[in-house]
């Protein structure tokens, strides 16, 4: 099956493509089924499997929609079941039988109504009350199950035949006409024992397998699949167990296998999509586990009420019949029995697989085969189904992690390609390393630009590439590109001339006639071969068999490459946009000046707002009703709010500087706190960890304070960890009650059912998963009354039924926690989210503990919920909001910082070009001034660590420079604003100033003087003046070192800078009210201090001035003693 589409974003287009592919595939499935049926009716010798698969995919011979619909109906509504059990369908209200399998009378020991008998009570037929066929105790169990919100969650239930007292597993589900009851005989005492403890007990059968899955290291999907097939084989005992993965183009591959040593291996084989028809895939989502006990056993017909308009759906039945083509396939591969389990993961494109499955997709199947008849009891199948849910969770995490790693690789490659474009556009992306072939997986690539062609890897010739471009321009005039896994199917006339080395192509249109291409060869060379490739006879391809399926797959992909994935097309589309942008002309100089000014404005404004957010956060932390503390990298306290002070009895001045571990932590928690600190300082933040702190003063007699803490690494703007902040919740009262409860063990009623506010929400279940405890706090939290909750199943009926969960994964994780507690593995502080009766989301921490009787036997589970106080929730909400504001501003600054780099590079290129031309002295000075201004701007852009400036840790870049160069740059930065205000700008320097060279940080000095000058210009009345005067005095120090003590005066008339602005400059004002100008002046003052200088702002009569005093080492040792 081919996929060709115009280049666009992957979201909606991907969904539409996948839907179209599935519709096309369903038609191919129907054609193949029709061919088999025609062959069977004529004796069966004319059916060639490989050729039929290839023919079914021929788009020139479409099947009528009516025929496809009829095929799908047969797949879901075939009126046959397997013979290992029997089936009845009844009306839910009356229990009147409306359909039954013909073997019911034999299995239940009753007489068909068609046989004359005097005992009509033990006869079965349409209209019979099913309750008359079961024992009285069985009837009550069935009636209770039918009353449940979801009958399937009660499976299995034990029922006895009234006539023979034979025991059956009854598996119930609803379909479109009524209640379907599948009856499977319980053949041994072990089967009965497995049932006696209910569904929860059956899940315990998978406890070891689940524990092993959860203990595996991340990042290895193949290893995960290997383990799951091993564990399924141990649970079920089948000869062969395989993990079968569906690829994006719907074909399948065996990715893991464990088998009997004498069986032929199938690991690595690929299969065409028709091997698992779309209708079967739907059924695998509807009924996630499918067992065939004996494919050679005769099928049993289903008799149904003539008033039912069509054949009854058996999609949800455990005994759905086996179609002839599948029977033949199994027999050809030497298999008699099979067990197939579906594996679902999250679907980001949200194509629903069926009711209740929105957002899930079928990743693949776990397939088991056995050479002799084999029946697996329902409890073991239920355990396997639960194992598949856990496997799906683990697999989903691995798939998402792999996707993240892939996206990061693509982003890194895009960044490198962008850098190459700046140096050598556009040829750099094909002539340097890495190149465009590193962006996505491909065999070759080509760039067609300006009539020239650059080729990489295995690609068409230059003439062929130009011909493809001509075809795209003429045949796809309204698109920006094309992606296809088959140029033949896409309609390129000369596709077959390219051979098997070029089958698939992704093309990105850059301009009207310029393109970037990626090419892929045929998919066959990507296939991992397994077993003998040519050991079979010529006729093997005609028989339905895994090897012939593989041969059919190779035939299907002969002129086709692997499909282009959505993430790859997104990467190509992004590079296409970047390339288009790189061809645009650089904006004119005036626009660049505007951008530079906007950059500086945004830079300072962002600093101001971030500073304001930080100050607000400090105030919030200090006044929060939740205990919050912070430590530096040495583990010493540098933050301690009023709430933690109240709980411990230790005031803020008393605690500052003390060691959290040595001085404040209770001995029982020292190891925990040390580990918590170590991990947080290394960037690994732990949540919901219990610690105990010592108490002092009036609190000392109450014992240690018990806190549930989240550790957050504190970072500076360069992402360096500078400490740890602990946001906590006081759980001392809850813990005392919980400990007391645990000690009592027996008579707990007075505690659990108390209305005391210190009692946390508590609920419990028996060993079968039914609710046996639901305390008042749980009633208040959930909105569900105790009398309504007691007796209901915790999973699916309470949680997942009345109380909705966020998704299917949430229910699976909850079931894992409950089953772990039943196996004596308690869980502490597990994050748990559900919706209460009114639909409000509830986020809690779940702690489980096993319930034991007086003999120590586990009889159920107790669950404790820890809820955050309203004050803490409010504090966290405010914190998240503040963090979002800070993050938005930081991103905006990062964007501006990134976007300004390109025009800066353009300026740099223009200046570098001009430097190599013949220039006058004045022109050389202008070029030099431009270079110093550019250098200053780049340094400001790189300023990410404002905290280092604040604390005096910034590292200066010292070098030799000319003072005259600095002054020229400073004056040039003030010229435009001075001219706009009609100001006279003077620069007063001594005669020998041009020859003065010193050591220091030229860019930082430039930055400071320019900022002082521009502030003076801003606060000078129109038509006034501004003067910058330099007075250097050279001194010779012992040791022959000469220094220049330099006074810089930036003077201006008028009222001068406002007092509040001066207060901001000298940090005498509240940081939250700092203006843009105040923040800039404050940073400049701190930069001066870093250079061991001093700065003042003075008022003398009608003159105001900044006075900057610096001592700078001279570059020459033999300068004159004075230049004044």
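Quick reminder: no glycine exception, Cβ is built from N, Cα and C everywhere.
Around the Cβ of residue 325 (phytochromobilin binding site), a 10 Å sphere holds 19 further Cβ atoms from the protein chains shown. The annotation phytochromobilin binding site is assigned in Swiss-Prot to 325 on the grounds of similarity to another entry.
The annotation compositional bias 'Low complexity' is assigned in Swiss-Prot to 1-18.
When pLDDT values are averaged over the domain 'GAF' (220-399), the model yields 85. Taken from Swiss-Prot, the feature domain 'GAF' applies to 220-399.
Sequence annotations record features per position, and here Swiss-Prot assigns domain 'PAS 1' to 613-684.
Marked as domain 'PAC' by Swiss-Prot: 687-743.
Swiss-Prot lists 747-818 with the feature domain 'PAS 2'.
Feature annotation from Swiss-Prot assigns domain 'Histidine kinase' to 895-1116; the stated evidence is sequence analysis.
Taken from Swiss-Prot, the feature region 'Disordered' covers 1-27.
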- Task: May I ask which of the stretches 220-399, 613-684, 895-1116 has the most CB pairs under 8 A with the domain 'PAS 2' (747-818)?
- Result: 220-399
- Using DSSP, what's the helix, strand and coil tally for the domain 'PAS 1' (613-684)? 42 helix, 12 strand, 18 coil
- Message: Taking contact to mean 3 or more CB pairs closer than 8 A (sequence separation of 6 or more), are the domain 'Histidine kinase' (895-1116) and the domain 'PAS 1' (613-684) in contact?
- Response: yes
- Note on the structure: Across the domain 'PAC' (687-743), DSSP labelling yields 18 helix, 26 strand, 13 coil
- Which of the three DSSP-derived classes (helix, strand, coil) applies to residue 325 (phytochromobilin binding site)? helix
- Note on the structure: Residue counts for the domain 'PAS 2' (747-818) under DSSP, helix then strand then coil, are 26 helix, 15 strand, 31 coil
